[in-house]
Amino acid sequence: MFSPLPRTDISIDSDFNTSVFSQVHTSSQKFSGNRHSRNSKRSSNLTQSTNSNNSNVLQLPPKGNLRIMTVICRSIIDKKAQLSASIHYNKPDIICGTESLLKGFKPGKPMKKDAIKSSEVFPDNFKITRNDTGTLGGGIVLGIHEDLISTEFIKPVTDCEIEWAKIKLKSSKDRFTASYYMPHRNMKDITKLSLEKITIGKPKHIIIAGDFNCPDVDWITMEIKTGASDKEVQQALMDLSFEHGLVQIHDKPTREGNLLDLVFTNNPSLIKSTGNAPGISDNDIVITDLLIKPCFGKQTSSIRTSIIIFTICQ
């Protein structure tokens, strides 16, 4: 049984009071004023030392947390304000979105003429990649904060609803992250996950988050509940996680008492915590915090596959 490690610096509330966004939690991108004050002297000393050595070393803020927000949108074009508020409140580094109901973008293919542009919907400080299925249903969004060095990872993408990205880390394995949606339980979507494309080769840190629509798997006992619908599909998902060394780490129901939105990783020791936040649809949002220290730095729009590593990366 996997038990998330307790947090001391950021809290994720499972139960919320009268107002959905009644308070602003500590950002995973920014830090509170008190912390800034405590570190101001240290920052000043670092600056003086850098100037005295005539060095052009980039000073980067401390970064010990990587936050993933898994959100079921159900027509995101109609919920821009709700999405913006949720991003402001939860302050994710990565957004795994499903049921976007957008059109015009497919991994590795040119934008269609009638495409809904990402800039019409998403904040401009996120790099957005998409696997659209049209405005009638489905669709995958993967948003990576602009301060993270990332590239769209097309190789493992198949014709199921999935989108992959690779995040470059300093002094650590790259983080491979996917957003996934299975609209209806079926063996084809399980097979088309094609996890062998991502798990073969050099060891990688992998996260797959999204709506798997398999509520009858007990991820603690690793059994299928009695009377489960499409039992063979739900069993296949559980077997697939075994085969590729993936652990499902989220245990709180996300819709009407059902655990539909899942988070898989092949390295659960890196998970700090996982919990629910108010959603923008019928499903709760899942917030996952990782013990990853990513390498931060600006990446220009003209750079798609190049990797930038700064001299100092906290």
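Positions of Cβ are set from backbone N, Cα and C atoms, glycine also.
All annotation found in TrEMBL is predicted automatically rather than curated by experts.
Keep in mind that this is a model prediction, so the values were computed, not measured.
TrEMBL has this to say about the protein:
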COMPBIAS  42-60  compositional bias 'Low complexity'
DOMAIN    178-272  domain 'Endonuclease/exonuclease/phosphatase'
REGION    27-60  region 'Disordered'
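In the predicted structure, the domain 'Endonuclease/exonuclease/phosphatase' (178-272) carries a mean pLDDT of 93.
With DSSP states grouped into helix (H, G, I), strand (E, B) and coil, the domain 'Endonuclease/exonuclease/phosphatase' (178-272) comes out at 25 helix, 26 strand, 44 coil.
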